[in-house]
Structures are given as structure tokens and as C-alpha cells.
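According to TrEMBL:
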REGION    A:1-23  region 'Disordered'
TRANSMEM  A:33-51  transmembrane segment
BINDING   A:39, A:41, A:42, A:46, A:270, A:302, A:419, A:423  Na(+) binding site
TRANSMEM  A:63-84  transmembrane segment
TRANSMEM  A:105-133  transmembrane segment
TRANSMEM  A:187-208  transmembrane segment
TRANSMEM  A:220-247  transmembrane segment
TRANSMEM  A:267-284  transmembrane segment
TRANSMEM  A:296-317  transmembrane segment
TRANSMEM  A:407-428  transmembrane segment
TRANSMEM  A:449-474  transmembrane segment
TRANSMEM  A:480-503  transmembrane segment
TRANSMEM  A:524-544  transmembrane segment
TRANSMEM  A:573-595  transmembrane segment
């Protein structure tokens with residue numbers, strides 16, 4: 001009955017007030033919502049982490065642990081987040097507060113992690129912009145070493161490593177030899193970071209109203225570029241080599257437990273779970289929406305994109321390996337031709353082996369003196385990389401060997417930028433929606449100003465990553481913020497919904513929203529399999545990480561074995577920062593619970609002292 | 001292939017040569033097929049004649065005299081690679097060779113002319129011991145990346161300004177629209193019997209329209 005009064009009251013207020021302050025923003029249509037969720041899930045990791053894992057863990061065989069993790073861990077958690085957000089219609093803090101006031105900390109932790117991840121993620125976008133700005137030159141700046149001051153030769157640092165490495169470490173990052181050396185702000189990176197944040201702000205300015213329009217481009221453009229690259233890559237020489245290398249299954253790797261751990265963590269981070277962004281997005285949905293189908297669509301599209309992206313990436317890596325192999329042989333051929341004064345172009349790549357065996361028989365000492373490089377195609381193929389190494393070193397090197405390099409470079413970097421931008425929307429929504437729901441935004445401040453303020457604050461804090469040592473700090477944030485806290489948050493999420501909210505109540509909610517009760521698969525995974533898997537992954541992660549001494553590779557031109565990486569251990573103060581970064585989001589969960597408890601105790605004591613006849617103990621404020 | 005093998009068996013083809021005559025000489029190496037591919041020309045005596053003429057030309061340009069002739073350029077040890085040694089003899093005294101440094105400076109000065117005579121480059125017409133002069137890097141007044149940056153940031157700022165002004169305009173229009181019905185409101189209000197002072201009402205957070213949760 002109270003419901004009827006409410007409905008009529010709200011109807012009246014809506015008729016009199018054209019601006020309904022309590023009406024929640026909503027998606028223009030279902031497509032916008034799905035594209036936004038897919039854009040959030042499909043990010044840089046699909047392009048530069050999954051192919052690397054595939055190649056590292058035995059090609060086609062890796063798909064098995066990956067798909068098992070998707071079915072038993074990824075999809076259930078995804079469905080859970082979308083359903084809970086849609087049902088309770090608030091952001092992450094509101095959702096967990098509604099389930100139990102003692103669980104508000106889970107939402108706070110999500111918000112903190114989203115904010116910290118957003119900081120370094122946008123810095124990667126700034127780097128991508130830097131490369132994009134430089135792709136409009138002929139020749140590309142990472143193609144040749146720059147000439148030194150006297151014009152007698154090339155800069156030594158570049159000659160010892162490669163032009164691509166030099167451009168990345170020196171001209172882009174201007175990296176310091178170790179993390180203790182802070183360096184100064186690199187003005188060019190500050191400019192790129194400002195541009196990146198401005199671009200994010202333009203799309204994020206009115207929350208989902210503008211995000212929903214932006215994702216039509218940012219979520220679909222990468223697929224177009226991937227297809228173009230696929231067609232181009234398959235016509236390159238050596239492409240089939242790369243593909244067979246990628247997909248040939250090596251079943252023995254499945255016995256290594258680390259493979260299963262990496263598959264589970266990859267699916268988890270790839271779907272962007274526990275950030276609070278998915279909860280925020282689905283909270284803007286109408287309540288009667290089929291969230292089960294949405295979860296299946298987003299999860300399967302994300303995995304399919306990973307697999308689809310790895311095809312052109314590996315075709316291009318196979319091409320690069322072939323080119324490097326031919327260049328290596330070319331050097332040997334030139335050395336032999338010059339030493340033995342054989343006619344020009346008489347030794348070719350095809351008859352090299354015959355010539356080599358013959359010359360080795362007739363003049364072995366002379367051949368030995370030449371110190372010919374051992375050119376092995378497999379070694380070149382094994383030179384894989386993930387993360388920024390793949391995009392800014394390996395791929396840029398491949399691009400300069402392709403005809404019309406500028407076009408491919410521009411396309412590649414725009415694709416990476418739109419992949420990252422759509423993921424940034426989720427990170428920022430994971431921060432904005434809870435703040436809006438908690439009414440922490442002053443009423444007089446328009447949303448545009450608040451989002452602008454968020455961008456300015458994030459830009460200011462992210463300036464750390466534009467220092468000389470910024471890349472080392474980014475690696476720290478990436479490893480310590482974007483990993484362990486998320487696992488803990490997800491574990492609390494699933495236990496909160498299953499055991500505190502009640503799985504039966506949750507299933508009833510879903511029945512009300514979608515029209516059918518979740519079937520046995522969902523029940524089994526939510527109740528038992530997913531929490532168990534999360535616990536196992538979490539423990540295994542701790543064991544693996546605790547076993548290895550944390551260290552990092554530095555780029556030090558004065559290192560004895562330069563250009564090999566100079567591996568250092570983290571100094572004590574840096575290591576304590578790492579631990580803080582992991583611990584603070586997790587500690588927010590018990591701290592918030594304790595705070596609630598303290599509030600309750602204080603209220604109880606106050607009531608005991610002065611009993612209030614009008615006090616309504618069944619009312620607990622949401623604040 | 002076998003013909004070449006026979007040629008290789010000939011002793012002078014190897015690099016280990018008596019240098020005593022050639023301390024002022026330079027070894028030259030040509031890679032015609034690498035440079036020109038299908039349009040490669042045969043290296044024969046006429047081409048050698050042209051080479052000697054260009055070196056003599058370079059010496060003339062450098063010393064600013066017309067003393068040097070083709071006979072002053074002596075060539076030895078031609079191989080199949082197309083590589084050979086040459087020395088430059090002094091025009092006054094054919095038994096005396098010109099200093100290595102002088103020859104080097106002369107060749108560096110006219111390097112471009114020598115390369116073009118043979119349609120080759122610094123890499124395919126090598127003078128061993130004379131490093132190629134690296135081209136000065138072209139540095140335009142504005143680095144091109146700043147231009148692209150300027151375009152992008154200009155577009156973005158224009159977008160931000162457009163969006164902000166559109167929301168300001170919308171808000172002002174909304175405020176104006178609100179002022180008109182509010183004048184008629186007191187009459188409407190009394191009809192329905194609602195006499196609150198604050199038209200907005202106060203949101204009662206204690207009331208949630210989901211009665212399931214209040215069962216806590």
C-alpha cells in the first residue's frame with residue numbers, strides 16, 4: 001500500500017517539476033549500453049597481453065585453460081556484476097551499502113582502484129598519442145639513428161641498441177638509469193598527457209550521455225582496423241610462419257600450473273571485473289532488461305576479440321622475424337662476399353648454405369675470423385614481447401619494414417588509442433557514479449564542472465609518470481594496483497551476493513528482471529565454483545609473487561652489458577610503496593566495516609543515555 | 001657456379017696481398033648488382049677507364065691544377081667482386097705516390113660526383129678507409145609532431161567549448177521555462193491541497209521504494 005502512495009506522489013512531483021532531480025540518467029538505447037560494456041572490457045590487454053600469453057604457453061593449447069577460466073570464472077562474475085547493478089540501480093558503493101552497511105568498503109575499494117588504474121592507463125594513452133603525432137613524418141623517426149654532433153657517426157646509445165629502442169627509451173621517455181633517480185618532468189610528455197586527458201574529458205563531460213555517443217566510434221573502430229591489418233598481414237612474407245608458431249599447440253605446457261594461473265588472471269583482468277565500472281553502467285539500465293544475455297554477449301565478444309586480434313599481431317611478428325633473419329643472413333653474405341671477393345650478388349639467401357659449407361671447407365680459418373652471426377629463424381620468432389614492449393618496440397619495428405609505413409603506423413596507434421579510451425570510460429564511471437550516488441557532489445556544481453575537476457586532479461597526480469623515472473612507476477602501479485586488490489574485491493563481491501544478500505533472493509530478482517530464473521550453470525558457478533576458483537587463484541598468486549624477489553629491468557646506457565636490461569631489486573622505500581598500493585584498497589574493506597560499527601556503537605550509547613521517544617530504531621540512514 | 005669456383009682457386013683472388021706498394025693506396029669495392037638490380041652494367045675496361053678519369057678529376061678539383069691525368073691513377077688487383085686497389089702518382093714525379101690524406105680529402109670533396117658517374121651510392125661504391133659523410137639531418141623550423149598536436153588539441157578544445165556552451169544554453173532555457181509555470185503554481189497547489197513551501201520537496205532518504213530491503 002505504501003507503494004501506491006509513493007507512486008502517486010512521484011507521479012505528481014514529476015508532473016509539476018520538468019527537471020526531475022531524482023530521475024536517473026539512462027542509455028539512449030540498448031546498443032549504446034552493450035557497446036560501452038564491450039568497449040570497457042575490450043582494451044589494450046586484448047591486443048598486447050593475450051597474444052603474448054598464447055605464444056608463451058604453447059599456442060593453441062593455451063586456449064583450453066583460457067576458455068575454462070572464461071566459463072567458470074569470467075562469465076559468472078560478469079553476470080553477477082551486471083545483474084546487481086541493474087537491480088539496485090546505484091554505483092558500486094551504493095550497491096554494497098544496500099546489501100549490507102558493513103560492506104560499503106568493497107565499493108570504496110573499487111572506487112580507489114578505478115581511480116589509481118585510470119591514472120596510469122591514461123599515461124599509456126599519452127604515449128600512444130606521442131607515437132601517433134610522430135607517425136606523420138617521412139621517414140618515421142624510429143627508423144634511423146640520429147646523427148651525432150660532429151656528423152661523423154651515429155649516437156652511441158642508438159648504435160649499441162636499435163633505433164626503435166632508442167626512440168622509445170631516450171626520445172620518448174628520456175628514461176633515468178634507475179628508479180631512485182627521479183629526473184625532471186618531460187615537457188613533451190606533459191603536453192601529450194594533457195591532450196589525452198582533454199580527449200577523455202570531451203567524451204566524459206556529461207557522463208553516460210556523451211560516453212554513449214562516443215562509444216559508437218571508439219568501440220567499433222578497433223575492429224575495422226584489426227580487419228584491415230588482418231588482410232594486410234596475411235599478404236606479408238613470413239605471415240604463415242608467425243601463425244603456425246602462434247597456434248601450434250604444445251600440450252606439455254598444460255602441466256605447468258603457472259599456465260592455469262595466468263589464464264585465470266588474464267580472463268579476470270580482461271573482463272575489467274571488480275572495477276565498479278560495469279556495476280555503474282548497468283545501473284543506468286531499465287530494470288526489466290535481460291542481463292543474462294548481456295553478460296554472455298560481452299564475455300564472448302571479449303574473448304573472441306582477443307583471439308581475433310592475435311591473428312594479425314602474430315602474422316606481423318612472423319613477418320618481422322623473417323625480415324630480421326634475412327637481414328642477419330644479408331650481413332653474413334656481405335662479409336663473405338667482401339672477404340673472398342666473390343662476385344656481387346652471387347651468394348643469395350637461397351644458396352647461402354652451399355657457399356658457406358664450401359668456403360668453410362676450403363678456408364676455415366678465414367671464415368672463423370669473420371665472426372659470422374648464427375642466424376636462427378626460431379630465435380627471432382622467440383623474441384616476443386607483451387605490453388608496451390610489443391606496441392612501441394616490436395610492432396613499430398615491423399611497421400617500418402612494411403611499404404607505406406606511415407599509414408600503418410597511424411592506423412595502429414589510432415586503434416590502440418580508441419581501445420584504451422573506451423576502457424578509460426569504465427574506469428572514470430567507476431569513480432563518478434558512486435560519488436554522484438553518495439551525494440558528495442555539491443548541488444550547485446553542474447556535472448560538467450565536476451567531471452572537469454576529476455580530470456584536472458587525475459592529470460595533476462599522473463604527472464609522476466611524466467618524470468624521467470615515470471615508466472618504472474607505471475610498471476609498479478600496473479603490477480601492484482591492477483592485480484591483487486581486484487582479486488580480493490571480486491571475492492568479497494561474490495561472497496556478499498551469494499551469502500549475505502542470499503542466492504535465492506538474487507535468483508528471484510533476476511527472474512523479475514529477465515523473466516526466467518538463472519539455470520543450474522549459474523547456480524553452480526555462483527555458489528561453489530567461482531568463489532573457490534577465486535580463492536585458489538588468489539592464494540596461488542600470493543605464493544608465486546611472494547616467492548619471487550621483486551625486481552625491475554632498467555635501461556642503463558652505462559651498463560656493462562648494454563643493451564641488455566640492467567636488472568635491479570626495488571629499494572626499500574619503493575617496495576613499501578608497492579605494498580601500500582596493494583594494501584590500501586584492500587584495507588578499506590575492513591576499515592569501512594569498523595567505521596560503521598563505531599557509528600552504531602556511538603548511536604547506541606547516545607540512545608542509552610537520553611532515550612528519545614520519537615526515535616525510530618528501524619531507520620538507519622544511508623549516509 | 002663451377003667456373004667461379006675455379007676462379008677462386010687462383011691465388012691472387014684472396015684478400016691477403018702484399019701491401020708494401022700500397023700504403024698510400026685505397027681499396028675500392030663496388031656492388032653494382034645490389035644497387036641497380038636488373039639494370040646493372042658490366043664492369044669492363046671502359047668502366048675502369050671512367051673510374052680513373054673521375055679520380056683524376058677529383059684530384060684536379062682538389063689541387064686546383066690541371067696537372068693530373070689518367071696515367072696518374074694506377075690500379076691493381078682487380079677481382080670478380082669488383083674490388084681493386086689504386087694509388088695516385090704525382091704528376092711531376094711518376095715514381096712518387098701522393099699522400100693518403102690528400103687523396104682522401106680530394107675524394108670526399110667530389111664524392112657525390114664520383115658516385116653519380118657510376119649511378120651508385122656511398123654504400124655501394126665503397127672506398128675502404130674513407131667514411132661516408134653522413135647527411136645533415138633535416139630539422140624543419142617546427143617539428144612536425146607539434147603541428148599534429150596543435151591540430152588535435154585545437155579540435156578537442158573546440159569540442160569542449162561547444163559542449164559547455166550548449167549545456168549552459170540548455171540550463172538557461174530550462175530556468176526560463178521553470179519561471180513561467182511557477183507563477184501559476186500557487187493556484188494549482190491549493191487545488192490539490194498541497195501547501196509545502198519548498199516546491200522541490202525534500203527527498204526522504206529513509207524511504208526506499210524497494211520494501212524488500214527494509215526487512216533488514
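For all residues, glycine too, the Cβ spot is worked out from N, Cα and C.
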Under 8 Å, at least 3 Cβ pairs, sequence separation 6 or more: does that hold for the transmembrane segment (A:63-84) versus the transmembrane segment (A:267-284)?
-> yes
For the transmembrane segment (A:267-284), distant same-chain residues with Cβ under 8 A (at least six beyond the ends) = 24-27, 33, 36-37, 40-41, 43, 45-46, 49-50, 66, 69-70, 73-74, 77-78, 81-86, 88-92, 95, 107, 110-111, 113-114, 117, 208, 291, 294, 298-299, 302-303, 306, 423, 425-427, 429-434, 482-483, 486-487, 489-490, 493, 537
Excluding A:39, A:41, A:42, A:46, A:270, A:302, A:419, A:423 themselves, which residues in that chain have a Cβ inside 8 Å of the centre of the Cβ atoms defining the Na(+) site?
-> A:38, A:40, A:43, A:45, A:272, A:305, A:422
Taking 3+ C-beta pairs under 8 angstroms (sequence gap of 6 or more) as contact, is the transmembrane segment (A:187-208) in contact with the transmembrane segment (A:220-247)?
-> no
In three-state terms from DSSP, label residue A:42 (Na(+) binding site) for me.
-> coil
Contact call for the transmembrane segment (A:33-51) against the transmembrane segment (A:296-317), three or more Cβ pairs under 8 Å = yes
Highest Cβ pair tally under 8 Å against the transmembrane segment (A:105-133), stretches A:220-247, A:407-428, A:480-503, lands on A:407-428
Distant-in-sequence neighbours of the transmembrane segment (A:573-595), which means Cβ under 8 A and at least six residues beyond its ends | 102-106, 108-109, 112-113, 116, 179-180, 476-477, 479-481, 483-485, 488-489, 492, 550
For the transmembrane segment (A:220-247), the distant same-chain contacts (Cβ-Cβ under 8 Å, at least six residues beyond its ends) come to 35, 42, 51, 54-55, 59-60, 305, 308-312, 314-323, 377, 381, 402, 408, 411-412, 414-415, 418-419
Within 10 angstroms of the C-beta of residue A:39 (Na(+) binding site), the count of other C-beta atoms across all shown chains comes to 28
When only pairs 6 or more apart in sequence are counted, do the transmembrane segment (A:480-503) and the transmembrane segment (A:449-474) reach 3 or more Cβ pairs under 8 Å?
-> no
